[in-house]
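What follows is a set of notes on a single structure, which appears directly below.
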Amino acid sequence: MNERPILFFDSGIGGLTVLREVRVLIPETQFIYVADDAGFPYGNWEENVLKNHILKVFTNLLTLYNPTLCVVACNTVSTLMMADLRKEFPHTLFVGTVPAIKLAAKQTKSGFISVLATPGTVKRAYTRELINSFAGQCHVQLVGSEKLAAFAEDYLRGKPIDLEELRNEILPCFFEQNGKYTDTIVLACTHYPFLINLFREQALWPVKWIDPAKAIAKHIRSLLPERMYHKNTKKLKDFALFTSQNITSSTKHLLKEFGLNITKGVDFEM
C-alpha cells in the first residue's frame, strides 16, 4: 500500500517554519508543500472571496494528492475557515495554525501579552474567542502588520530589509502601564519566525517570543498512526508547488535547502 503524503498549505513560504519541525518528528514521511504565492498576501483579501478561493484550491489538491493530513500553515486562513474546510471535506484530517494565546497566557508573568499577526487574523472573531477563553485575565494587545509577511519573504530571498520600518511594525507590541510591561509576544503568522533575530535586535526590551511550530508538530504526530514515524526509509521525494511563475533563484536555493524540488505556475482553481 502506498503511503499517503502530508500536505502543507500557505500563501507563501512561511509554512516552512512548521514543516521543518514536523520533519524532525516524522522524517520518513513524504511532504508536499503548496505555496499559493500568486495570491499572496491573503491578509488583503475579502473574506468571502478568500473562502471560495481556498475551497476551490483544496478540492483540486485533495483529488490530486489524497493526503493523509493537511496542515493549513497560514494563520489568516486557519482563523477564517477551518470549520468550513472540515465540513466541506469531512474525510480529510485538517490541522490549522492559530495564535498561541493559551500558551502565552500560561507563560506571561506580567499579564501583558501582544499578538503579532496579519490584519486578517487580528480582525477575526475566532482570535477574540481565543482571548476570551484563555487570556481573560490578561491584557492582550492585537497588532496587525501589513508588511512583516512580505519582509519575511524578502529576507529569505536575500533582499535587504528596512530595519526602521520593521521596528515601526513591532513597536505597538511593547506596552507599559502602571509599571508593568509586555513580556510575551505571540508570533501569529507562520512567516514571522524567520524574522525572529531581527525582532530581538529591534525590540524595546527583552520579551519571550512564542513560535507555536514545535507544539503544532507534536500535535500532528499525535494524530498519525505509529507506522508513519517508525519507517526506516523514505520512499517518495518531497516537493513544492507554487502558483505563480515568479520563482527567483534564491527561492529555489531556499527550497533546495529544505529538500524540496519546485514546480511553478500551478493553477489549482481549474
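Using N, Cα and C of the backbone, Cβ positions are placed for all residues, glycine too.
The annotation active site, proton donor/acceptor is assigned in Swiss-Prot to Cys74 (among others). Here Cys74 (active site, proton donor/acceptor) comes close to Phe9, Asp10, Ser11, Gly14, Gly15, Tyr42, Thr97, Thr190: these same-chain residues lie at least six apart in sequence, with C-beta atoms under 8 angstroms from its C-beta.
In the three-state DSSP classification, Cys189 (active site, proton donor/acceptor) falls within coil. A 10 Å cutoff on Cβ-Cβ distances gives Cys189 (active site, proton donor/acceptor) a total of 29 other Cβ atoms nearby, all chains included. Per Swiss-Prot, the feature active site, proton donor/acceptor maps to Cys189 (among others).
According to Swiss-Prot, the feature substrate binding site maps to Asp10, Ser11, Tyr42, Gly43, Asn75, Thr76, Thr190, His191, an assignment based on sequence analysis. Summarising the environment of Gly43 (substrate binding site), the number of other Cβ atoms within 10 Å of its Cβ, over all protein chains shown, is 23.
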Going along the chain, which residues six or more apart from Asn75 (substrate binding site) have their CB under 8 A from its CB?
-> Thr97, Val98, Pro99, Ala117, Thr118, Thr121, Ala188, Cys189, Thr190
Non-site residues, in chain order, whose CB comes within 8 A of the mean position of the CB atoms of Asp10, Ser11, Tyr42, Gly43, Asn75, Thr76, Thr190, His191 at substrate = Gly12, Gly14, Phe40, Pro41, Cys74, Val77, Thr118, Gly120, Thr121, Ala149, Cys189
Can you see whether DSSP assigns Thr76 (substrate binding site) to helix, strand or coil?
-> helix
Looking only at Asp10, Ser11, Tyr42, Gly43, Asn75, Thr76, Thr190, His191, the residues listed as binding substrate, what is the longest Cα to Cα distance in Å?
-> 13
